[in-house]
Each structure stands twice: as C-alpha cells, then as structure tokens.
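What follows is a single structure, written as structure tokens, with notes after it.
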Amino acid sequence: MFGFLKKVVDYTRDAADAANYLIQGLAVTFDHLRRRPITVQYPYEKLIPSERYRGRIHYEFDKCIACEVCVRVCPINLPVVDWVMNKETKKKELRNYSIDFGVCIFCGNCVEYCPTNCLSMTEEYELAAYDRHSLNYDNVALGRLPTSVTTDPSVQPLRELAYLPKGVMDPHDVPANQPRAGQLPAEALKSLSLQQESVQGDEGESLQDASDQDQPSG
C-alpha cells in the first residue's frame, strides 16, 4: 500500500516538474515572439562601430622611424618594414611599409607599442575584396584616411545595439523625435531631385530678370 502511494507521489512530482519546465520554455518562446527581428539590412543599413573599435590600421609614413617595434610585438610578425641604412647620416631610411589584412588579427599591439604613434586603429571594417592579394596594403593604402559610416548619406547608420537602452531604437526605424543620421537610397534620390528642381527654378528666374532688365523701357 505504502509502495503504491509512493509511486503516485513520485509520478505527480515528476509530472509537475515537467509541466513547470515546459511552461518556462514556452515563456521564453512567447517572449521572443513579441520582439521584432534585429536584422541589419546591409549595405543599406550599417552598424556604427563602438568606441575603441579595432578596424583598419592607419599609417603615417612621415612619423615612422623604421624601429620595427611593431614587427617584434606582432604575434605573427606581420608588418613588413623595408629600409636601408644611410651611411652619411647613419640612420635608417624607410622605403616601404606594408600590412596584410588577410592575415592580421587586429590585436592592436603594433598601435599600442609604436613609439612615434604613426599607427592607429580606425573604425573602418569594410575590407572585403575579390582577390586576397589586394588585402596586402602598402604605405600608400595604409595612409588613406578612413571612411566613416556616419558620413555616408546613402545608408542608415545604426548604433551598436548593445550600447542602447531597451526601447530607444526600433531595429528597423528610428524614433520619430530623433532625426536620421543618414538617408535611405530612395530618400537620397528624392532629395537630390528636389535640389536640382530648385536650382533650375532659381536659374530660370535669374534669366527672366536679366532679360527684363535688358529690354528698353517704353
């Protein structure tokens, strides 16, 4: 008798635990059903990199002293420093500097230990290329000023979602009381067409005024 009652109690406890676990799982599922998908519609939407983002390395040729500290602190000895010794000045003369971003792990050691601060990390992360050899940047390519997402009018920049409090920004739109940092392609084309129409209208009015002034008075 007691054995049968114990089995009934154990079965009831197991059923209650199973129902509790099922309810917890369904609660998580229903919670996600109420949320909109957080999908960045690249390339029409782009994330704005967070503070101290380690993107493409910027290099200043005039500041480099060819000390090769960046090569020694690099985990894979990646930077290539081409220099010759000037016998007259007894100093190194830098000829070329290159970094292969197809191999770089963007650890930032070269930037941190550079004695002249000729290296810096930028927020540029769009480095995709059809040929992996084109990822080997020389001193000219490294010296190019970085591009910023916020200065591109054809995209809608979105701030890093982890740094925003809940409810500040809809994943697919911005709040009504906040202006967009950029424009979608359709909006950019519309604004450009309006600007062209206004310019043409101003030119027509100026020509009409000039013709009226040229006509002799009766």
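Just so you know, glycine gets a Cβ as well, placed from its N, Cα and C.
Cβ neighbours within 10 Å of CYS114 ([4Fe-4S] cluster 1 binding site), excluding its own Cβ and spanning all shown chains: 20. Following the DSSP three-state reduction, the secondary structure of CYS114 ([4Fe-4S] cluster 1 binding site) is coil. What Swiss-Prot records for CYS64, CYS67, CYS70, CYS114 is [4Fe-4S] cluster 1 binding site.
Under 8 Å, Cβ to Cβ, and six or more positions away along its own chain, CYS104 ([4Fe-4S] cluster 2 binding site) finds ILE57, LEU78. Per Swiss-Prot, [4Fe-4S] cluster 2 binding site is recorded for CYS74, CYS104, CYS107, CYS110, and the stated evidence type is sequence analysis.
The compositional bias 'Polar residues' annotation in Swiss-Prot covers 208-218.
Through the fold, the domain '4Fe-4S ferredoxin-type 1' (55-84) approaches residues 49, 92-101, 103-107, 109-125, 127, 139, 142-146 of its own chain, all at least 6 residues removed from its boundaries and within a Cβ separation under 8 Å. What Swiss-Prot lists as domain '4Fe-4S ferredoxin-type 1' is 55-84.
With a threshold of 8 Å between CB atoms, the same-chain residues lying at least 6 positions outside the domain '4Fe-4S ferredoxin-type 2' (95-124) that come near it are 48-49, 52-65, 67, 69-70, 73-76, 78-84, 132, 135-139, 142, 146-149. The domain '4Fe-4S ferredoxin-type 2' feature in Swiss-Prot is assigned to 95-124.
Annotated region 'Disordered' per Swiss-Prot: 169-218, in sequence order.
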Number of Cβ atoms other than its own within 10 Å, given for CYS70 ([4Fe-4S] cluster 1 binding site): 25
Within the predicted model, mean pLDDT of the domain '4Fe-4S ferredoxin-type 1' (55-84): 93
Which listed residue (CYS64, CYS67, CYS74, CYS107, CYS110) has most other Cβ within 10 Å, given these are binding-site residues: CYS110
Rounded inter-Cα distance in Å - CYS74 ([4Fe-4S] cluster 2 binding site), CYS114 ([4Fe-4S] cluster 1 binding site): 11
